[in-house]
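Positions annotated as compositional bias 'Polar residues' by TrEMBL: 1-15. Marked as region 'Disordered' by TrEMBL: 1-97. Under the heading compositional bias 'Low complexity', TrEMBL lists 49-59. Residues or ranges marked as compositional bias 'Basic and acidic residues' in TrEMBL: 60-70. Summarising the annotation, TrEMBL assigns domain 'L-asparaginase N-terminal' to 110-313. Per TrEMBL, the feature active site, O-isoaspartyl threonine intermediate maps to T119. Residues annotated as substrate binding site in TrEMBL: S181, T212, D213. Taken from TrEMBL, the feature active site applies to T212. Positions annotated as domain 'Asparaginase/glutaminase C-terminal' by TrEMBL: 332-437.
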Amino acid sequence: MKSTSVFRAATSSPAASEYNGVVKRSRKKKNKSAAEHQEAPGSIRRSGELAAAVEQAESVAERVEGRELGKQASSPEETPGRKHHEPSSNGVARAKRLSPLITVTKPLPKVLILHTGGTLGMDPDLSFEKDRQGVHLREGTGGTYKKSLQPRGLLADLLSVVPELQHFANLDVRVVFNKDSCRVGPEDWVRLAKILHQQRNNFSAFIVVHGTDTMAYTASALSLMLAGFRKPIVLTGSQLPLSMPRSDARQNLIDSISCATSGPLGEVCICFGGVLLRGNRAQKTNASVYRAFSSTTYPHLASLGLEVEWDNKALLKHEGVYRPRFELNPNVIRIPIVPGCDPRLAYGDLYARGVRGLILEAFGVGNMPDTPRHGWLPWLRQQRKKGMQVYLSTQCDIGYLHPELYRSGSIAVALGVEAGPQMTPECACCKMMLCLAYPDIPLGQPIAGEL
């Protein structure tokens, strides 16, 4: 409609009258030339002159049309809001510029959602009840899920409850398994890692829906097995099922896909409660609020409020080539040192019972009892001689490991106990499993920003 109005305005202007006059005169000359040509077929010179005159008239007509259309384009009354451009000598080009604007939209990224279970997919009718104290799990029903959950049905449910998701990406859904995260272990981590590796070139980003209890373990394991993946892998979940009125699942899903598709992200993360955390630095620290995860040893990668505020300095700087690893040795135990406890009585010969890796959580910067009665150092010496791999961690959430500051810590290091830099206990367990399967990977060398 806009092009038609501009055309009508142009044909009714004084300049257009000049144009029409030139065209009429050229047509008369052309008709006269045709008649003379019939009378004198050999008059080649005169017909050539007439052809040149017609061509000149058409050229003048194009320039007139171009000037008039240029005036219309720069007129604020006819086309408000358009910027002024100098009139072009080519009327056709000017007409093209005045055609309706064509919006070129960037294709949406492809995102694969891998569903593994967790509270987000739980059946609220079977698992939750409400009383005067609020909404909570029914006794003995935790981990109750719809057994017939299928990818197509899950995607339909997600888009019906969270229709905004389709504005961020073209989504595909795969149900890997559907269970309580306390039942998720190393075999499941390997299965997830293989799926992510197989689909790496088919999708721009990946969302893993997971239960909160062991989400930090899964995030740590995936970050180590898929070091150098260079695409976003964002784990998320919820404190309440998706279909419940006050569920945090809706916002967590939106935030996760927003971060995965809009920022400079290329690592394994946890997006939960309005923050984006490095997966192998995160820990579940609260079971009663929407912000269930914290990162005490590393800054947030992003904070989600009215806008997504990225901390670009905190993002992982990739080095080396992508080298996936799909083996883990699960024979790892995590032991906190307890005052008065004798490990010889409490734990005995762990190596003889098949344990190959020990995460030992010491006091403070790496201290432990050194009295003969408590026996931690003699016990460590015995286990190390048999081949037990030991990583010294701390029971403190914040701070650094310096076991050499104390006598017992120095002796432990001399026995071959690895100490620091500090990893979260969840990540330390996963790193130990990986290093036992791949002895060429040093336990104290960072491969995915975990140290």
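Yeah, the Cβs are placed from backbone N, Cα and C, and that goes for glycine too.
Nobody curates TrEMBL annotations by hand; they come from automatic prediction.
Residues S181, T212, D213 are listed as the substrate binders, and the farthest two of them sit 7 Å apart at their Cα atoms. Counting residue by residue with DSSP, the domain 'Asparaginase/glutaminase C-terminal' (332-437) contains 42 helix, 21 strand, 43 coil. Cβ contacts within 10 Å of D213 (substrate binding site), excluding its own Cβ and spanning all protein chains shown: 20. Of the chain residues outside the substrate site list S181, T212, D213, G118, T119, D180, C182, H210, G211, T214, M215, G237, K284 have their Cβ within 8 Å of the site's Cβ mean position. In this structure, S181 (substrate binding site) is part of a helix by DSSP. T212 (substrate binding site) counts 22 other C-beta atoms within 10 Å of its own C-beta, drawing on all protein chains shown.
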